[in-house]
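Trainee: First, the structure itself, so that you have it in front of you.
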Amino acid sequence: MAAVVAASRSLAKCWLRPAVRAWPAACQTHARNFHFTVDGKKNASTKVSDSISTQYPVVDHEFDAVVVGAGGAGLRAAFGLSEAGFNTACVTKLFPTRSHTVAAQGGINAALGNMEDDNWRWHFYDTVKGSDWLGDQDAIHYMTEQAPAAVIELENYGMPFSRTEEGKIYQRAFGGQSLQFGKGGQAHRCCCVADRTGHSLLHTLYGRSLRYDTSYFVEYFALDLLMENGECRGVIALCIEDGTIHRFRAKNTVIATGGYGRTYFSCTSAHTSTGDGTAMVTRAGLPCQDLEFVQFHPTGIYGAGCLITEGCRGEGGILINSQGERFMERYAPVAKDLASRDVVSRSMTIEIREGRGCGPEKDHVYLQLHHLPPQQLATRLPGISETAMIFAGVDVTKEPIPVLPTVHYNMGGIPTNYKGQVITHVNGEDKVVPGLYACGEAASASVHGANRLGANSLLDLVVFGRACALTIAETCKPGEPVPSIKPNAGEESVANLDKLRFADGTIRTSEARLNMQKTMQSHAAVFRTGSILQEGCEKLSQIYCDLAHLKTFDRGIVWNTDLVETLELQNLMLCALQTIYGAEARKESRGAHAREDYKFRIDDFDYSKPLQGQQKRPFEEHWRKHTLSYVDVKSGKVTLKYRPVIDRTLNEEDCSSVPPAIRSY
């Protein structure tokens, strides 16, 4: 492969337009050396082709499977495939340990029963309830049943969980978690590594991945899926380091690219959380699901947006208003500060609106931790103590942290079944897209429904990353012939890249991105109303049209971050459009989607009353259904369709489904 890379770089002068100088000598040296293979394996199928463009020759690769993304879900899928004998490529725009999984703090849920008796069926119940009955119960069944084994697997990989005095994995309380189907009090189900669980999990999975012969393509930006006759046959990507274009042809493609939190101005997401996989699926003409459901984490640091883990409240922290009241007792009398995230975020917003906010502007509340023993803060929340001092100037042992709800997670994503297979909905039935899988925050299985429970996201990563690998291993064999692609496959992607590289309009990428983020922040926030959402739809549609007038400044091809950020903006815009149009269309309040003009859930039955004598509402007249959104990429027009929620479990005798009810904490 090194020879191929050298050959592709020698073609650089052929690619560059006359107005652009040849690459400097420093850029023509060998690739940086890592302690694992980053450029793929040498094989007979790897070759340079000019079938798309003489200016942009393409390096072709052939694999059994390609995984896009190397966070928790991507790594688990990639080494699961390699372990099963598949020739696997992992394409990632970041070095694996820079993926956003590293930022997760609180923990990973599993009914281990280390603190009190627990049962995965209780975890199942809490997750269904937390989803506000929009979650698919077959997928939730699969995830919660697999959870204990997934955590033990991580422990066996060497993940250094916090421990009890008896040496068991320590489990803390987290929001929305109960015992005995909501009747037995607060559950302690969240396994953690102090308050740096995501960091530990990602490094554990990365270390494990080095055991296997996976080909890592690091700092390669995935541009688009390679689709033929409704099947996915790989991806096309840009090597950021040297500007080469690469086509990865594979029988199986797994998308694990994370969320799109950067559609908002204030969020806990990394700057690289740009919905790349979600947008690739959209451009392929496939639907995305439930993008209107965006989780606002209750405790982002005021003015900075940095995450303060729910584990703070799990360890005994409380939220207070300007009057010193523990106000969550009013909104969730039983769970109080450990109600689900959507409930806490709305409660905080109401306190601020009604004039009980803190600070000179009365525009935030306080998270109080200084009543807890300093030793507990030092051992269980060391990262938070440091973060609060750096970003808020607060010593948590002496004063409270100013906090405000901040965009944190996308419940929606690429629709999949519980096996990780991407699906569409045709003529009233779910249809699998051959060769395409998704997992992690990029996917919508849908285990989170309208609202995710804290510490279910890391569980989602490892369970469904593994599920993708298992499904591929069940349906394919290593070394099977890889389907062919057209000689010019990917030419539209390269044409778009070339257009952006030489874009000479009037609007900077940063300006358009800021307009999008501020529109989303002000028009699709914790509380939403029809008129504001409609205005937001109009504004975003105009911003989407403005993308035709972008101006980029770097005309080079080597490490052109201006170009990469513009490609990411295109991806963000597709996600933002589907989010706000889906929110405007959904005329109800459910989970994280709270409409002030439609304050209640609209289900197939009125679950606030006895069901006897009620007639089921027609599918068109209720909202307990998944949104499927499509975008015409040329015009930006959004089309919405809907599919039913799956209420059955994988085995009703083993785990009974949970019928909808009024949701309270």
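Every residue, even glycine, has its Cβ placed from backbone N, Cα and C.
As listed in Swiss-Prot for this protein:
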type	residues	note
ACT_SITE	ARG341	active site, proton acceptor
BINDING	ALA70, ALA73, THR92, LYS93, SER99, THR101, GLY106, ALA222, ASP276, GLU441, SER457, LEU458	FAD binding site
BINDING	HIS297, THR309, HIS408, ARG452, ALA455	oxaloacetate binding site
MOD_RES	HIS100	tele-8alpha-FAD histidine
TRANSIT	1-44	transit peptide
Trainee: Other than HIS297, THR309, HIS408, ARG452, ALA455, which residues of the chain come within 8 Å of the oxaloacetate site, judged by Cβ distance to the Cβ centroid of those residues?
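Mentor: Those within range, site residues removed, are ALA104, GLY106, GLN295, LEU307, GLU310, ARG341, TYR409, GLY454, SER457.
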Trainee: Nearest to THR92 (FAD binding site) by Cα distance: which of the recorded positions THR309, ARG341, ALA455 is it?
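Mentor: Ranked by Cα distance from THR92 (FAD binding site), first place goes to ALA455.
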Trainee: Going by C-alpha positions, which of the recorded positions (HIS100, ARG341, ARG452, ALA455) is nearest ALA70 (FAD binding site)?
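Mentor: Its closest listed neighbour, by Cα, is HIS100.
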Trainee: Go through the binding-site residues SER99, HIS297, THR309, ARG452, ALA455, SER457 and tell me which ones have a CA within 10 A of the CA of ARG341 (active site, proton acceptor).
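Mentor: Cα filter at 10 Å returns HIS297, ARG452.
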Trainee: Around THR309 (oxaloacetate binding site), how many other CB atoms lie within 10 A of its CB?
Mentor: 29
Trainee: Count the other Cβ atoms sitting within 10 Å of the Cβ of HIS297 (oxaloacetate binding site), across every protein chain shown.
Mentor: 23
Trainee: Which has the fewest other CB atoms in a 10 Å radius around its CB: HIS100, ARG341, HIS408, the listed recorded positions?
Mentor: HIS100
Trainee: Taking the Cβ of SER457 (FAD binding site) as reference, which residues of that chain separated by at least 6 in sequence fall under 8 Å from it?
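Mentor: Listed in sequence order: ALA104, TYR409, GLU441, HIS448.
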Trainee: Can you grab the distance from ARG452 (oxaloacetate binding site) over to GLY106 (FAD binding site)? Cα atoms, rounded to a whole Å.
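Mentor: Between the Cα atoms of ARG452 (oxaloacetate binding site) and GLY106 (FAD binding site), the distance comes to 14 Å.
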